[in-house]
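J.: Can you read through this structure? Questions will come right after.
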Amino acid sequence: MRIEEDLKLGFKDVLIRPKRSTLKSRSDVELERQFTFKHSGQSWSGVPIIAANMDTVGTFSMASALASFDILTAVHKHYSVEEWQAFINNSSADVLKHVMVSTGTSDADFEKTKQILDLNPALNFVCIDVANGYSEHFVQFVAKAREAWPTKTICAGNVVTGEMCEELILSGADIVKVGIGPGSVCTTRVKTGVGYPQLSAVIECADAAHGLGGMIVSDGGCTTPGDVAKAFGGGADFVMLGGMLAGHEESGGRIVEENGEKFMLFYGMSSESAMKRHVGCVAEYRAAEGKTVKLPLRGPVENTARDILGGLRSACTYVGASRLKELTKRTTFIRVQEQENRIFNNL
């Protein structure tokens, strides 16, 4: 046993210090990034935000809607090959370039993903997703995927520390997914006692990944557009959002009615709801590590997407970053004990 005594920080522990700016307007800020990935060699340009691969967020409808904002969607792994074929038949090449194909690590997952990728060469992203990216089996699967799909851009996770981030990149991942327990419907930290404050995880993993020519995506912990800006400021190349994109017309959650008001169900992918839906039950040897919540319907996702992108542009103007690419080097975090004046929050 050992104790690390240096301070670890989440998004709520900091604010970004404003700096002198020469920008005249938020409209002057360029949010598009251009990347060339380490292993695949593929080049990509777009807004580096990703809708999470949850079946109540990462839907085909979400992918179609967010593509118009140049935002990626990690489509959840529970669609069949036939459903993928129908989606591809009805989608433009521009939509498909904003899609990530998600997979687990079983042999069946591998074969299904292979079939999906064979449907259309425009599918260039693979998202290999498990709750615990520290297992040897996971690293081996990433290496297997890299060998099988040498020109596909592979995103793999989740981890929260530099040494594991490096191992995944050396095994073939182009992008490492960072985050254990910060999600809005994740209960891993209270069920297991395991986790890592998200901002510190991003800072540590970004440093490790960039040293090897890899990239990271901050996955979880964002509740406001300001948190998205903090993740980018901390060094994230991409930011993945779940709860902030849930409850919309495109989110795919089941709608329930209570006292005449309609709500949409949103649940974590290790929750009892998810396991009952996709596996049939919660296995005897495990506990659910997610929860289910009812969200008021939030309408089309386009309004939320504009709000997020608007907040991100504004953050850049406050620190004098004319491009999102510059936000990290223009960011100075200050530790705080308050984020906002909450006097009217309950009205």
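Note: Cβ is positioned from N, Cα and C throughout, glycine not excepted.
Copied straight from Swiss-Prot:
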BINDING   108-131, 216-239  NADP(+) binding site
BINDING   GLY181, GLY183  K(+) binding site
ACT_SITE  CYS186  active site, thioimidate intermediate
J.: Quick check on the binding-site residues: of ALA108, VAL126, whose CB has the lowest count of neighbouring CB atoms inside 10 Å?
T.: ALA108
J.: Can you tell me how far the Cα of GLY183 (K(+) binding site) sits from the Cα of VAL126 (NADP(+) binding site), in Å?
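T.: On Cα coordinates alone, these residues lie 21 Å apart.
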J.: Tell me the Cβ neighbour count for LYS114 (NADP(+) binding site), meaning other Cβ atoms within 10 Å of its Cβ, over all protein chains shown.
T.: 14
J.: Report the member of GLY181, GLY183 (the binding-site residues) whose C-beta atom has the most other C-beta atoms within 10 angstroms.
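T.: Ranked by Cβ atoms within 10 Å, first place goes to GLY183.
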J.: Between VAL228 (NADP(+) binding site) and GLY181 (K(+) binding site), how far is it from one CA atom to the other, in Å?
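T.: Pair distance, Cα basis, whole Å: 17 Å.
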J.: To see if you understand the setup: which same-chain residues, six or more apart in sequence, place their Cβ under 8 Å from that of ASN120 (NADP(+) binding site)?
T.: ILE88, LEU96
J.: Expressed to the nearest Å, what is the distance separating GLY181 (K(+) binding site) and LYS114 (NADP(+) binding site) at their Cα atoms?
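T.: About 30 Å separate the Cα atoms of these two residues.
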J.: Between ALA108 (NADP(+) binding site) and CYS186 (active site, thioimidate intermediate), how many Å separate their Cα atoms?
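T.: Between the alpha carbons of ALA108 (NADP(+) binding site) and CYS186 (active site, thioimidate intermediate) there are 26 Å.
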J.: Using the alpha carbons only, what distance in Å do you get between the residue listed as 'active site, thioimidate intermediate' and CYS222 (NADP(+) binding site) once rounded?
T.: 13
J.: Give the residue from the recorded positions CYS186, ILE216, CYS222, VAL228 that has the most other Cβ atoms within 10 Å of its Cβ, counting over every protein chain displayed.
T.: ILE216
J.: Using DSSP reduced to three states, classify GLY234 (NADP(+) binding site) as helix, strand or coil.
T.: coil
